[in-house]
Structures are given as structure tokens and as C-alpha cells.
Amino acid sequence: MTRSIGELGRRRNEDVLDDFDDFEEEIATKPATRKSRSKAVEPEPEFDEDFDEQSGNRTSAYVEEHADGIALSLVGIAIVLGAAVWLGIGGPIGTFIADIVHLAIGAGAWILPVGLIGWAVALMLRYTPERQAQGRVMLGIGVIIVCMLALIHLFAGNPAEWEGRKTAGGAIGAWIGTPLELGFSVFLAVPILLLLLFWGALKTTGISIREFIEFAGGFFGFAGFNRDEDEFDEEDDDLYGHVERELESRASGRAPSRTPSRALPKAAPRRTPPLTPPPAPVPAPAPTPARRPAASLDKYPVDDAKAEAPAEPQVKQREASTSILKKPSVTETDEFPAVTEEDLAPAPASDAVAASRESMRQAIIARSGKDPVVEKKPAAPAPVAPTPADIVSDGDSTYVLPSADLLIPGEPAKLHSETNDRMIEAITDVFSEFNVDATVTGFSRGPTVTRYEIELGPGVKVSKITNLQSNIAYAVATENVRLLTPIPGKSAVGIEVPNSDREMVRLGDVLNARATVENKDSMLIGLGKDIEGDFVSYSVQKMPHLLVAGSTGSGKSAFVNSLLVSLLTRAKPEEVRLILVDPKMVELTPYEGIPHLITPIITQPKKAAAALQWLVEEMEQRYMDMKQTRVRHIKDFNRKIKSGEIETPPGSKREYRAYPYIVCVVDELADLMMTAPKEIEESIVRITQKARAAGIHLVLATQRPSVDVVTGLIKTNVPSRLAFATSSLTDSRVILDQGGAEKLIGMGDALFIPQGAGKPQRIQGAFVTDEEIQAVVDMAKAQRQPEYTDGVTEDKASEAKKIDADIGNDLEDLLEAVELVVTSQMGSTSMLQRKLRIGFAKAGRLMDLMETRGVVGPSEGSKAREVLVKPEELETILWMLKGADPADAPKEETWDDEVAAEAEEAANTTVVQADPSKGVC
């Protein structure tokens, strides 16, 4: 009985699923009346069709044989006990065993053989509880047995002699029942034992009292007890149940029953996932974009029904999300039910998430045998303009982050399959053939590969395993076998073998993971899932710059999409700004017009070089402000700005504002390096060397990681690497400084080395569809229009005047020489020869050029020349040598300049006394 109660929840859901599948099969087999409206309904797989694979223990062939041996031993013991207890033909040994059993459990000896037979059958059929539930089941069974023996002892009159106890509850029943009777009396001891018995049954079956009451109420026909079934019915009826009732009423000629519309009830916690995924929130209709967001939060209703991710429980989102739940309508005419055009065109996000409900709705319409009549709805009233009280002046309060519920959840991960057992046997056979003392002690199944842990015997070298890599690959019938010697943190060798049934990792699961949601870092991006089955996310601030490489089709573009979608769902435009460089012109097109952009998406390499140069100037300006305010990081600068600790000096026209983080994503670095290699490399090196504290980060992606694209200077200054499948070992060494990427199997399989990590981490990159990207982008664009910054892509070289003729082609060398001389404050020709690796003649010419421009003094024989330019004036002199106007050079605001500006302003204006209470400052 307890086992049947334990199967209650699962059987009920299986019955509903079977009925649903039978309904879809019946609909799919009927001929369609019109091609435009009748579609074949694809049956959805049951959510627990791979239940055995997911919950199966990772058992080897040895463990299975051991279980069979235990089962046969139990059968033998049951035969001996049955012969001795039931028939009295057990002989002396059997009689002795029967006496001991009677002495221990009394009358329970009569049913003990049956229990042993049942246990043996369960072991033979592998019908055992999950590993995490074994302790709970054993505790429940133990409590039931002890309580039953104590009850038998009490009902037998609490015998004091051992002969009487043999036919009652035995020693166990006496030890439990006698103290209860002496302490409480038999009238209280029996209810206490019955309650304990009931509690043991609940522990064994794993159900709650509420579920038991619902089962009992449904079994005896009481109304109002089957809440789970009502919830399923209400979920379907609320959206499409009235369509079903309308069709049935038209077919039978009865009047349709009117049911008041009501909101979906809040679902109680279940042990099984819902039959159909809940509808995902879709963005509200986009208002006319404006530079100042004027939409109130009340215009975006919040949907409290969160999608339940199969891979991991959902955690409440840290920001509200916008959603509108629409319900199809049926006209009250003699015609067949009308469907509006708006209903026939679902939102992009809900198309993918609520596919089962859409297919069921189409099946219901097709079953009617009539074409749906399109009903024209009256135009919706114009939205009421928000009042000034509804508009919050702070931009952070008027922007609502797109919810991660817009993304499609993935399927539950598999923990074990028959393929894993075959791989263990194949690897073990290879060790046996070559006489290697090593055994497979376990494995970790990831979404793409499975890592088998190999434990070596005493005196076995690790090289014996590595030398068998080709033989292992032959045994498992794949060439992409990767050895890990040793596994980090374990005294074992890892053999990574690709899975024949790969798992798709969805970005929605990564962003909805508990660790990701609890992390409040706005620049945290979802990477994917590692080989242990854990979701991997990492902050761009900690990278702080990332180099991504991989061949065509390896998953590089999918990672770029995951990065951008992660930033859109976690960061507001005031927090993170983006510069997107897309030389291919098609990869980043969906993100055109998002409010996070500093400039429109850049597709021309020349403009990309100008944008990188603009980033260098922005970095220098930020550092000057940080120096002026005595802070070392952009976080501290923004914190002091918001708290009011940093104030503009009196008389200064400068207004300090919080700086947003800037992420520059270059989709294809090779195209830029072919057009302007020197300028691109110089800008990248300068940014990656010192832009981390200024809040500027680079993400460089390329499908050709050769030495002419990823140069030594770029590699040195970009600490984090993400390598997808490469075509050769050379490319893997260029991106990772080691091999391994050439062994990856593509389609998102990657090796990730964050800053400071010694060995790469193998992950399966997250995937996001075009529909999901569009849903997130639409919601962001609906709330705010991008505010572009002028001059980001303007070519500064075209505006500069002509370089002096005497400099010629030596401008770059002259700039390096000037920077070296000014910073070291030593004008020595021999130093230029050593530092710049040039000859004496060129070094002397550079020194003469610096003398004519007032950088150094005249020659003094063998002594070093006097340096006339101070280090504070370096930026200005470099600006002048490039042919630009000195007034355009970046300058730091000194107190002398502020005093001069204050004096000039005081001469032309009237001084007003500051009075904060009156708003005058």
C-alpha cells in the first residue's frame, strides 16, 4: 500500500500525459481541410521518458553482478526460513534459525520470507530507490517494522515470558511496546505507534500529508481535493479551455457554458515538472523612441508566474520584467469560433517557449473542420501619457532590464546512459590487453564529453596511460580523445570522450542558475556548462580583456551573442556602454539600435581603427579625472560621485559624472589587422595595458589565430583566453600557448583560461537562438533610444595638418625617441641606439630633430643633452609632433587653471552667494 501511495504523484501525471499524447496523435492522423490552417502536431516527449537514465546510479558491471549475487543469497535465505517456519522441514540448522528469528521479531517471522523474496526481486530488476533517497527509504521501512512489532506485542497482552513473546512481537516489540505501556498506558501507546507508523509510510513513499489527503479525497470521490489535476485543467482552460467548450457546444447543439475569466492560480510546489512550459513574458508594444525615457513603470505589468527551469530551480529575478498575457476570444455567433489576426501572430519570444500550447491550439482549430473566421478588433485606445509624477528623473529607475525568462530553458541533463557503461568496458579492455594496472573508478558526464577517472596501481607510470591514447581512441571509436594528467585536485588521470548524445546548453539556464542570479555583478556573462555539469559564468571585469579564437562553425559567433545578451539582461545603459565592430556586416546586425551603443555598429576597418583610438583618448581622460580626485579605480570614482564626496572646484565649468563601463567587441580581428595593422595593434596594446582600472574592456574574436593576427604584444596584454575548436596544433598554441584546442569537437566545445588560471577549463558554450536575441533586443529598444557620442569614428589623421618635411617617414621613431628622452630626462644618443635598436646615424638625426623642436638643448660634447620638456608636457609635445593643434591635446585640470578661469569669470560676471536652501549654488 505504501508503494502504491508513493507512486501516486507520478502515475497521475503519467495518465494526464498519456491522454494528452493520445489526443495529439488523434488530431495528427486526421486529414486537414485546408493546408493553411491544418498542421501535423508533433507529439511532445514525456518529461520522464528518460527517468531511468537520469536517476540511474553510475554502476559498473562488477556492481551489477554483485547485486545479482545478493539477490540470489536473499532467495536462498527466504527458502530456508520458509521451510523452517511454515513447513517445519528445515532440519536442525533451519529450526535453530527459525527459533532465533521468532525470538527477535516474533510473529514477524511468518512474513519475513515474503519480504526477502520481494527484496531479491527488486535487486534483480534494478528497481531500487535513487542513491540520495536510499537513506530515507531505509529509515521509513525500519520505523514501519518496529511499530508493527510493538503493536503486535501490545495487542497480544504484553506477554512477559519469552515463549509468549515468540508468538507476539518478539524482543524488538517487547523493548518498544513495554516502555510505552508502562509510561503512557495502552490507550495512548497505540495511537502514538500508529502515528509513527504513518510517518514511516510517508518517509518511505516520499509524499507529503497534503498529497495523501488529495489522493484519499480523489479515491473516495470527494470534491475539492484533487488540486493538482484542477491546476492542470485551469492552466489549459484559462487560455484555450473556452475554445474547447465552444466547439463541443456547437457540435451538440447546446448553449455554451459561460465561465468567468480568472487569473491563473499560483501553482503549489510539485515533485514533477509541469506538463507544458508556462508562457514566457513578451515585451510590451514599443512606444515611439525618445532620447529621454518617459515611460512609467506602470506601463509594464510584471508577470509573477516565472518559468520553471528543468535543469535547476528558478530564483526570483532581481529586476522586474515586462510581459503581456493575451487570451484568444470566441465570438458569440452561429459561426465557428473566430480567431483574431493578433492571436494568429504570436510574439517572437512566446513562439519558441510556448510551442506546445500553440500546437494544441492549432490542433483544436483544425479539428473543427472549418476555416477560422478572422475577427477584426476595434483599435486599441491610445496609451495615456504618463504624468510628471510617474516619471523619475533618475535614468536607472525608468529602465527595466529584459528578463532572462525571455530565453528558452533547456532539457534536463542526463547523468548516466548505456554508452557510459560501454565506454568503461572498452577502456578496461585496453588496459587488460596491454597489462596496465589501472581501473576506471568513476566518471563525470558533461553536456559534450564524459571524463572517465582512471586510478593507477602501485608502480604504474602515468606515461603508460598517455602512450595508449591512440589505442583508447580506437577502442571507443573516436579520434577526439583528450587526456588530462592529472585531474586538477584529484590523484587520477582523466580520459575525456565525446558523448554520442550531446546536450544543448541554453543561455537561459545559465543566467537563471542560482549562482548567477545571486551574483549582482552587472558585467557577469554566461559562458556555458563545464564537464562536471555545473553552469559557468564569469565577470568581464575580472578577465579584464578576452581573446576568443576558433575555426569556422566552432561556436565563436554563438559565444559573442551569449556575451551581448547576458550584458543586455543584467546591465542598464547607464552602467555599461558598448562599441561593436563587425567587419562581416551580418553577425552583429540584430543589435543595431540598442540603447547601450556609443556609436552605430562599425563595419569599416578604418572607422574601427578610429574608434580604438577614441578609446585610448577616453582612457587617458578617465585617468586624469581619477588622478585629480585621488582614486585608483573607476568603481571608487563612481562611488564618490554618487555619494557627493567629489565636487567640482569653484569657478570650474567641468561637471563630474559617473563613468559607465565600456566593452568593445571586435567580431573579426583578422580583417582589421589586414587593413591597418600598426594602428590597430598600437591601440589594442595601449588599451589592454592600462584600461582595466578605467573600466574599459576588450573582447577580441578571430577565426584565424595566426601570429600575424594575434601578435606577441596582443597576447602578452590579453590575459584571458577562450579557444574553440582549431584546425591545427599551431593555432591552438597561438591562442592557448599549449595544445588541446585541436582535439575539441566543435559546436561550442571550448577551453577557457581566465586570468591567473594555470590549466584550461573545458566547457560547452551556451546557445541562444535568433528569436531569443530579437526578444531581448526589442524589449531594450522599446524603452530607450540610443544616445550616440560624436566623433568616435572620425579619422583624426585626415584632420591633422601635414607632417613637417624634415621628419619624413621617421615620425613613429621620433615619437618613441621623444617619449623615451622625456620620461628618462636624459638626452643621450647612445641610449637611443640601445633602446630603439637603431644605428648611430639615425639616432643622431632623431636627436637633431628633437633639438629643432625644443625637446633637448644643444650638444655639449660627450655629455648628455639637457632635456627642456617636463614629463607633464609629454602629451602636448607628442600631439604637436603628430601635426595636431596643441589645444586639442588632453590636459589635466590644475588648480592654477581653475584660479585663472575663476578670475576671468569674476571679471565678466556678478558673484552670487551660494545658498543651498534656496537652490542657488
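Placement of Cβ uses the backbone N, Cα and C atoms for every residue, glycine included.
Database features, via Swiss-Prot:
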type	residues	note
REGION	28-55	region 'Disordered'
COMPBIAS	43-53	compositional bias 'Acidic residues'
TRANSMEM	69-89	transmembrane segment
TRANSMEM	105-125	transmembrane segment
TRANSMEM	137-157	transmembrane segment
TRANSMEM	182-202	transmembrane segment
TRANSMEM	205-225	transmembrane segment
TOPO_DOM	226-921	topological domain 'Cytoplasmic'
REGION	246-391	region 'Disordered'
COMPBIAS	271-290	compositional bias 'Pro residues'
COMPBIAS	300-319	compositional bias 'Basic and acidic residues'
COMPBIAS	332-344	compositional bias 'Acidic residues'
COMPBIAS	345-356	compositional bias 'Low complexity'
COMPBIAS	368-378	compositional bias 'Basic and acidic residues'
DOMAIN	533-733	domain 'FtsK'
BINDING	G553, S554, G555, K556, S557, A558	ATP binding site
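Positions of Swiss-Prot features highlighted on the structure.
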| residue | record | Cβ contacts under 8 Å, 6 or more apart |
| --- | --- | --- |
| G553 | ATP binding site | G746, M747 |
| S554 | ATP binding site | Q703, F724, A725, T726, L744, G746, M747, G748, D749, A750 |
| G555 | ATP binding site | F724, A725, G746, M747, G748, D749, A750, G765 |
| K556 | ATP binding site | V548, A549, G550, A701, Q703, F724 |
| S557 | ATP binding site | E587, D667 |
| A558 | ATP binding site | G748, G765, A766, F767, V768 |
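The stretch with the most CB contacts under 8 Å to the transmembrane segment (69-89), chosen from 105-125, 137-157, 182-202, is 105-125. G555 (ATP binding site) carries neither a helix nor a strand DSSP state and counts as coil. A mean pLDDT of 74 is what the model gives for the topological domain 'Cytoplasmic' (226-921).
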